[in-house]
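**Q** Once you've had a glance at the structure underneath, I'll fire off some questions.
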Amino acid sequence: MNIFRLTGDLSHLAAIIILLLKIWKTRSCAGISGKSQLLFALVFTTRYLDLLTSFISLYNTTMKIIYIGCAYATVYLIYVKFKATYDGNHDTFRVEFLVIPVGGLAFLVNHDFSPLEILWTFSIYLESVAILPQLFMISKTGEAETITTHYLFFLGLYRALYLINWIWRFYFEGFFDMIAIVAGVVQTILYCDFFYLYVTKVLKGKKLSLPA
C-alpha cells in the first residue's frame with residue numbers, strides 16, 4: 001500500500017469521525033443531509049459485499065467494517081436518535097435522480113457482468129455523486145457550520161488522494177481502472193468550488209456559504 005492510499009483512507013476515516021462527533025456532541029444533526037448519509041451507507045453496503053466471499057488483509061477487512069458500521073451509525077443518529085433536529089425541509093434533493101441513472105450505468109458499463117461486480121461498479125458511480133444532496137442543502141440554507149465544512153473538506157481530500165493513488169499505481173504497478181478513475185475525477189470536480197471556499201473563508205475564520 002502506498003502513502004497516498006493510506007492517507008486517503010485516513011482522511012476518509014477522519015471525515016466520518018468528525019461528522020459522528022459533531023452529531024453526538026451537539027446532540028443535533030442540523031445542517032447534515034440525511035439523504036447523503038443514506039447514499040453513503042448504500043455505497044459501502046454494495047461495495048463491501050466481498051467481505052462475505054474473500055479475505056485480502058486484516059487492514060482491508062477492518063477498514064471496510066468500520067466504514068459500514070459508521071455509515072449506519074450516522075443514519076441511525078439522523079433518522080432515529082436525533083430525528084427531531086433533522087432539517088428535512090431543506091434536505092429535498094431527489095435522490096432517485098441519482099440512484100436510478102447510476103444503477104442503469106452500472107449495468108451498461110462494468111468490468112464483468114456478474115452481481116458482485118455490478119454492485120461494486122454501482123457503488124463507485126454512486127459515491128461520485130452521493131455528496132450532492134449535502135451540497136444542495138448547504139446552497140438552500142445559505143451557509144454551513146464550520147465543523148460540517150471540516151467534514152466535507154476531509155471527504156474531498158480523501159477522493160483527491162485516491163486519484164493520486166490511481167496515478168501512482170499506474171506508473172509503478174501498471175494497474176489502471178478506468179471506472180474508478182473517471183468516477184474519482186467527477187467526484188473531485190464536485191468539490192472544487194467547496195475547496196476554494198474552504199481555503200478562502202473557513203480557514204480564515206469566516207462562515208462558509210454556497211451560491212444558491
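Cβ atoms are placed via backbone N, Cα and C, with glycine included.
Pulled these from TrEMBL:
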type     : residues : note
TRANSMEM : 65-82    : transmembrane segment
TRANSMEM : 94-113   : transmembrane segment
TRANSMEM : 119-139  : transmembrane segment
TRANSMEM : 151-172  : transmembrane segment
TRANSMEM : 178-199  : transmembrane segment
**Q** Sort out the residues at least 6 away from either end of the transmembrane segment (65-82), same chain, that have Cβ-Cβ distances under 8 Å to it, and list them.
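**A** Cβ under 8 Å, 6 or more out: 12-13, 16-17, 19-20, 23-24, 27-29, 32, 34, 37-38, 40-41, 43-45, 48, 51.
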**Q** Taking a Cβ cut-off under 8 Å, which residues six or more beyond the ends of the transmembrane segment (178-199) line up next to it in the same chain?
**A** 109-111, 121, 124-125, 127-129, 131-132, 135, 149, 152-153, 155-156, 159-160, 162-163, 166, 208-210
**Q** Is the transmembrane segment (94-113) packed against any residues at least 6 beyond its ends, judged by a Cβ distance under 8 Å, and which are they?
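**A** Same-chain contacts beyond the flanks: 35, 38-39, 42, 119, 121-122, 125-126, 129-130, 132-133, 179.
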